[in-house]
């Protein structure tokens, strides 16, 4: 029952009137009649809305306070509603604390008004008297409003007084019946010369139909049409067949067939087009030469009208209403009313579209129960549905007497186990279902296509007293609980018919027919959560009724919205992950718009990023002049924007440009006009050449003053008949990379030119080590406000000894975002976007205030908040699906605390916000309490220095000192290998024979006085095809030695001879022939009385030895000792006499690398080389990991006493090859001074003192130093030295 209340309705303003927000509708005082329709438990009764005399009296208070009540207002005509305001009931404890607002044109088919695209509710009142006003952004156009209380005063009841603010809405409408159309012709002089602007509104219940079409010359046209509820703009330049899914189509909007008004704006300026639908816009370039100036002066609306022309592009006519059609300021519908335009068919100037009542099933528990109707021979049920869910219970039939019923469920591709011919029924479109049950046969038709028929063994009985259940769930057995395997339907239904009688859903809503639970009748609440697509970087969006999901595969990103990059930002970052040189994908702007792209990373101490182009060969030019110049365009593997991002972040960039000339000048000598030039990233002509700078406008020789002709500033300008060149490096970052080279002086007689452009090389990453040190808790750095409305990400490194502190924070009026170290083991990410404070924490197993660098990454998007510390499992917090999405911040971003309490003490570096680096050092230089830079990196990255390399601090990072390692490279991981040719030798002396009081080298062995060498560690790799071969020989002045040989059968033998008169102790490992041309790794480690030997097979290498090392990347070589003397056993002598051809790699004796010293003589003066010894890459084959070797390696432990006594002499190591007959090719001698009596391997005794003092150990070294007690202090450095 409707009830009339009195209230004012002042004259409506124009939407552009500043007073448009004045209260125009209220029911608080007498005035113009305003129709209010209360609904709920008291609907049929008079007095549900109370009124009182006097201003501000009265209000609406239903008898029953529940969420099924609403207050409906008829404004009399469509208006632009800009704001609403509420109060509680006058002089009562009744007020509403939150409510929903719905709107409609006709009083049917209601739509929920949403703020921020997600928030549906409005905060209400906290008392009965205060006024709470909400501005509607954007405004809405409606005649009917409905206020639905969702919460109210718990100590009172629902009570409301309302005001509505708005303006009059002007409307010119045309109704198109699916066969009619409108043709508008105009004269060219009325057109905007710069662009065409078309605007209109439409509403329809049909998913397909053409809105407008415009033709041009040569088959050019564009068409705006609805296709499956989306608006498609199809452009065609006459060169291709038009297609809705082709490259010339742009789609926007979704679910536009909902019988609500939608606004469209199309702007066309030359080839540039902008399409806007409701709140969403897209800009794009029209195909070909489709300019607005080339189109015909006529437009057809609702269908294609082309009198006198052939129409090959047929499309379905529009069935619905168009409103306020405007072309360049002309009102088309108003002109049509005056017969200035030509309507065709049954078009009318009103909107009389039929209205259907819809019903929404918002949850899996929503259900609608309808009674059965009499039928003679069975039952027929039809309806239409739309949903995003993949499965759900649609319909079940239950009879009271237990006879056979049926269940209709959907897996969208199958219905009731009756398979549909195609899937995709969860696409949000309307789909029709018709079910017929007669006797023992059940048939289902979906979208007018027969799905299947099922015959049942029991008869299907139909009863008038039965019921049909839509949605809900099936009860399990005799209980009332639902079956877990079959969820209820979530979506919308309409046009429900039972036995050819359409169900009156309004009667259901009023409680007259059937019953329902948790339904929204007379509205369809479906939303397209994938519009706009919140999946970033090309992620593919899919959705259910309540949520959307992003598929990030193939994008280079991950995370809930595909925002987290999978790749590092630079080669510098890859290096500090421990990666070696190679090809990598980099993402220089992180979560920014640029896609990742491939580069080559050369991992030097400061890594180089190498970016290749398509023309690296030398290009010769002849016949080019100013009328016909030679143009070369260079295409890189990355776009220009991507290259600029790399260049901007690098410390230094350069590109080698070689320009060769013979009578080919760079400038015209008469007027200085450039005859050859190059173009950089800014597309400007560059006339300075390699080795020079922009301000010089010359060449390198001009700056150095050594050009071939002193009268010119470039060699080529000398115009000589001989070839010369202007070659050098371009290093001005702002002009790189070179994108074009132009040559225009190679057509004269004998004139020619040639050029070669090298790859773009960029070194380092300026942001990776950009850091600041905070020395007081009140210290902070400030930056511009963080842009984080819908999504934001932060990453940085920190190190500290403090137990807590705020890393950064940004504040708004109520919103905020903050990252802090909550405790020594916990990092917290806090924020508030309007849904209340939220927090994500990550707890570490160990302390984070250990003065080491720790990485923090945090992200907040509309789906979740995410926090990760180092490589620990991330913490997440799921955002509410229908909550506030936008983070509103207005203060500056503070690195440190904004409140000067709980500030951060320590260092922060490499701070990235939304993929952009903040320059901490620049801001720290002018901020008290903060210093730029932060020392101390080896505690974090020292583990990257392998094989005995020592970590050394640098102002911006660290480096690995490989001096004492047998390896080289940035991380001491590249094996130093040598190929030994016939007749070559290498000799290495540990120390010169100085008096005992002298020790000039800090790396020399300190074998002075009485001491004992109780252990040694030796590692090397070898490769050979020859047997027998001597691999290693350790000797002393007293004829005691250690030899490692390959026997005649290729087995490995280790021989220790420490007694004066005994034969050597032989350990034979005959598991395989190791002279097989493969690389083998050997490790010998003697710990006093136990010898450990480990042998690992290497990668397979070629089996034939090359004639020269230079012709083979992995040369096969052999290792043989020099003549060891008469005291050597026969097998060792025989192996040495055979010579050695092969490769020796990564030779390490304790902390000395003799082979490395021989190949790099500048490092040490102890090594000398005789004969052809060349660096090789035989040891650089792919290494086998320890895990991979567990089944293929062999390790032995041989017990026994082993002590090498020493007294009175200085030891030395010698590696040499002697080309005399019967001598050894290569030997490694360790000349150890012995005591009067050598100690046998099994006697476990020594004549030297055995007390050991651990020698100094270099940082980062993994090699254990031998320990001996010194007879007297070593004077080097004023400290006692021990070790080798």
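The backbone N, Cα and C atoms fix where each Cβ goes, glycine too.
No curator has checked TrEMBL annotations; they are predicted automatically.
Feature annotation (TrEMBL): of 1201-1221, 1222-1242, 1243-1263, the stretch labelled transmembrane segment is 1222-1242. Just so you know, the Cβ of residue 907 (disulfide bond) picks up 21 other Cβ atoms within 10 Å once every protein chain is counted. Only residues 6 or more beyond the boundaries of the domain 'EGF-like' (526-563), in the same chain, are considered here, and those with a CB under 8 A from a CB of the stretch are 253-255, 280, 360, 362, 386-390, 428, 490-492, 585, 587, 591, 593, 595-596, 790-791, 793, 859, 861-864, 866, 881. Its Cβ placed at the centre, residue 934 (disulfide bond) has 24 other Cβ atoms within 10 Å. Within the model, the domain 'EGF-like' (526-563) carries an average pLDDT of 94. When DSSP labels each residue, the domain 'Fibrinogen C-terminal' (562-613) comes out as 5 helix, 18 strand, 29 coil, counted as helix, strand and coil in that order. Here the domain 'F5/8 type C' (60-167) is broken down by DSSP into helix, strand and coil counts: 0 helix, 65 strand, 43 coil.
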